[in-house]
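Asker: Got a structure here, written out as structure tokens. Questions coming.
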């Protein structure tokens, strides 16, 4: 049975007296660094010169090039995009690790798929908040928290689990609760959720619904409202109380249509396709494709991105959002 750990579950403060280097100062980086600092820990930031470097300094941190930050630290939390972690690790982190250090991540991709292979004499652990960095920070300041996952890949010192739990508490996550997992489980479930449901699945579902209505002769604007704009109403209900809250809140007509038509759209074949997606994640095919495309300058990735940005639903949405000043519209720079 899944066990949840809270503040009172962390009996030993294994971070006490250790210097923590946060590598990266983006969404998660700023939240981890500030929460740990507010909890009294010795935190420095390692990052290359640029906007984030300046922002970390403005926020009161001692900021260093990555290599120097690693040299100074006992615990190194890597909070960089997946695609650049490998090179930064090889060139700036690995040469400066010492026996007994702890190397940490908020996502297991590069460890699980062996893009990064740490030496045997360092601890390797995971603390993965289940929410974006701005929410991790905001809830911490408010006295609550975002739940998180934690796990240990390598325990060189015999203290890796204690350190990971202490780190989770340090960023505030144990206020809400943390669940123990493995790098394998966190990575594979996270990638599957993104690809089959949250990003790949939902985007394709919305596009297909839009195309179906437009091809049948309905106005593009109405199609947009029905299959994309109103999605937020449903997701908010689901977020607050699950699918049963959606069905409680919608009309009987909508609920009946849910039961009789949902299975016609998401057929057993779709579930079989999901299983195939999961298999490609588990066997490393997806990771290999992503890593190779990254090494090739992301040619396929950028081509696919451009194709999707050109979909008709995007142009319709941009115009309709001008009619709704209550929406905090975000213009995406291409």
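Every residue gets a Cβ built from N, Cα and C, even glycine.
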Asker: For the NADP(+) site, Swiss-Prot lists 25, 26, 27, 28, 48, 52, 82, 83, 84, 85; sort out which one of 100, 108, 131, 133 goes with them.
Answerer: 133
Asker: Residue 190 (Mg(2+) 1 binding site): which of the recorded positions 25, 82, 107, 226 have a C-alpha within 10 angstroms of it?
Answerer: 107
Asker: Return the residues near residue 226 (Mg(2+) 2 binding site), defined as same-chain residues 6+ apart in sequence whose C-beta is under 8 angstroms from its C-beta, sorted by sequence, else 'none'.
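Answerer: 209, 213 - these are the non-local Cβ neighbours of residue 226 (Mg(2+) 2 binding site), listed in sequence order.
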Asker: Closest of the binding-site residues to residue 251 (substrate binding site), Cα to Cα, picking from 27, 48, 82, 84?
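Answerer: Out of the listed candidates, the nearest Cα belongs to 27.
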Asker: Whole-number answer please: how many Å between the C-alpha atoms of residue 230 (Mg(2+) 2 binding site) and residue 194 (Mg(2+) 1 binding site)?
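Answerer: Pair distance, Cα basis, whole Å: 21 Å.
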